[in-house]
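Novice: Dumping the structure here so I can ask a few things about it.
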């Protein structure tokens, strides 16, 4: 009897262990259902069809919201009497309130339901992109604070909406940043369609906020350049104050320190709001793709790589030199270009810096691609929505710089390419295209490579584990012999790993150099250096309106490309 009891206890314990080690029970999985596909032959097939239908309907919702908002913004630009900026702000405020209601419902309701988040995408929401959301969110909050202060000082000629809109914007930014920081990795398994619609509504709202920010910024550039031409004609007789968008000359900032601080702070922090909207859209899109996603338990776990500066010298050194020189060039350009008559030499200096830096970046990217080809690392073919989105964003954002460059090449070749400034701009445009293409190839190739820890270390660990198991099987082996066997296996692993150390160091040097270069190339146009619009060559060839539309399309995409390239290069650096 005692033997039977022992065997029953062992069998029960074995069953408990199997249940504990088994994957999630299918009863906890909430399969999607849709009324169009209620007669499917299997639950899994109906689930797949319902998932596609939910993505389609939520995408249509976002498309209609974006088209409606774009119509409002376009009407404000072309017919600002019928549709004013206040009307656009009211529409966006309604959308933000709806998004806030859904986010709060998700935080307090959906995510807390039983079996709501059974899986988390380890690739989604990496630290650098969540840090970008937090950083740009803080600057956007400061921007709206300055906007409220500036409108409060000029309350006699400002609308009440100009105070209400930034207040709702601050609440929206705080709630959205908190939501993305804590839930960017969620693969939600309940309320699929409602969650998809909420995510798509939030994406559409961020896109409209970005569109409004871009149009307001470009309108400000247009007014500023027009007034600069007037100042050149009348020899400085134009008014010293340049009004912002939708601001009359009578509504000027009084000669007080607090008003000047609010005005300068608003202009300085303005670009960060556009970057915040785009980064949030990318994170929300990955969450939308992960709704209803069930990650296989046989999937290789994502190893968290730490950012370390060990073993890199030349990359940071050259990168810091490029950043310092770039800051000096940027300051000198800002001082000269903001005068009533910009000096031609300042454009020569500005483009000369780019003509020297861009070939170095291209050579680094080509060298990194060759090193990737020399390495015999396996390609990561696992389905990864985050990586797919990174590739799409890199290729899509690069179209802005490449398109502007080709328009410049046509204009300069058709006029006088032998003149010094024209030849520099022509060289800059050609080199910018080459640098963008080579850098995209390097980043995309690096993102699709298995990290070194996934390929070589796993094989070596298997051989090391086999040797240890063989040592343990020999019962007569002493502890000293076992220790020597472990040491021999570890030395063998270190010896084989050292053959790739020079490639690893070279990739880290190149990646870090490109990170610093892209940072300075992001800073220069973000904070107001726009020589493609201010040199006047392409503008005189294409006409003011046409070239302004080209710059309006390409410049914001170029700024976003540099910022997103930094994130991709950091991924390549830490996995090298």
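Placement of Cβ uses the backbone N, Cα and C atoms for every residue, glycine included.
Copying in the features that TrEMBL gives for the protein in this structure:
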type: TRANSMEM; residues: 56-82; note: transmembrane segment
type: TRANSMEM; residues: 88-108; note: transmembrane segment
type: TRANSMEM; residues: 128-151; note: transmembrane segment
type: TRANSMEM; residues: 163-181; note: transmembrane segment
type: TRANSMEM; residues: 193-212; note: transmembrane segment
type: TRANSMEM; residues: 267-288; note: transmembrane segment
type: TRANSMEM; residues: 309-333; note: transmembrane segment
type: TRANSMEM; residues: 353-371; note: transmembrane segment
type: TRANSMEM; residues: 391-413; note: transmembrane segment
type: TRANSMEM; residues: 425-444; note: transmembrane segment
type: TRANSMEM; residues: 510-529; note: transmembrane segment
type: TRANSMEM; residues: 541-561; note: transmembrane segment
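Help me picture these features in the structure, burial and contacts included.
Specialist: Listed as Cβ neighbours of the transmembrane segment (56-82) (distance under 8 Å, sequence separation of 6 or more from its ends, same chain) are residues 88, 91-92, 95, 193, 196-197, 199-201, 203-205, 207-208, 211-212, 215, 219, 246, 288.
With a threshold of 8 Å between CB atoms, the same-chain residues lying at least 6 positions outside the transmembrane segment (163-181) that come near it are 89, 92-93, 96-97, 99-100, 103-104, 106-107, 125, 130, 133-134, 137, 140-141, 144-145, 147-148, 151-152, 155, 202, 276, 280, 283-284.
Residues 282, 422, 425-426, 429-430, 432-433, 436-437, 440, 443-444, 447, 532, 537-538, 541-542, 547, 550-551, 553-558, 560-561, 564-565, 568 of the same chain sit 6 or more residues outside the transmembrane segment (391-413) yet have a Cβ under 8 Å from a Cβ within it.
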Novice: Rank 193-212, 353-371, 541-561 by Cβ pairs under 8 Å to the transmembrane segment (309-333) and hand me the top one.
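Specialist: Ranking 193-212, 353-371, 541-561 by Cβ pairs under 8 Å to the transmembrane segment (309-333) puts 353-371 first.
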Novice: Could you check whether the transmembrane segment (267-288) packs against the transmembrane segment (541-561) - three or more CB pairs closer than 8 Å, residues at least 6 apart in sequence?
Specialist: yes
Novice: Hey, which of 425-444, 510-529, 541-561 has the most Cβ-Cβ pairs under 8 Å against the transmembrane segment (353-371)?
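Specialist: It is 425-444 that shares the most Cβ pairs under 8 Å with the transmembrane segment (353-371).
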Novice: What parts of the chain pack near the transmembrane segment (541-561), using Cβ distances under 8 Å and only residues at least 6 beyond its ends?
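Specialist: Residues 210, 214-215, 218, 222, 271, 274-275, 278, 393-394, 396-401, 403-404, 407, 411, 414-415, 436, 522, 525-526, 530, 532-533 contact the transmembrane segment (541-561) from elsewhere in the chain.
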Novice: Counting only residues 6 or more past its boundaries, what in the same chain has a CB within less than 8 Å of a CB in the transmembrane segment (425-444)?
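Specialist: Distal contacts: 351, 354-355, 358-359, 361-362, 365-366, 368-369, 372, 391, 394-395, 398, 401-402, 404-406, 408-409, 412-413, 417, 510, 514, 535, 537, 561, 565, 568-569, 572.
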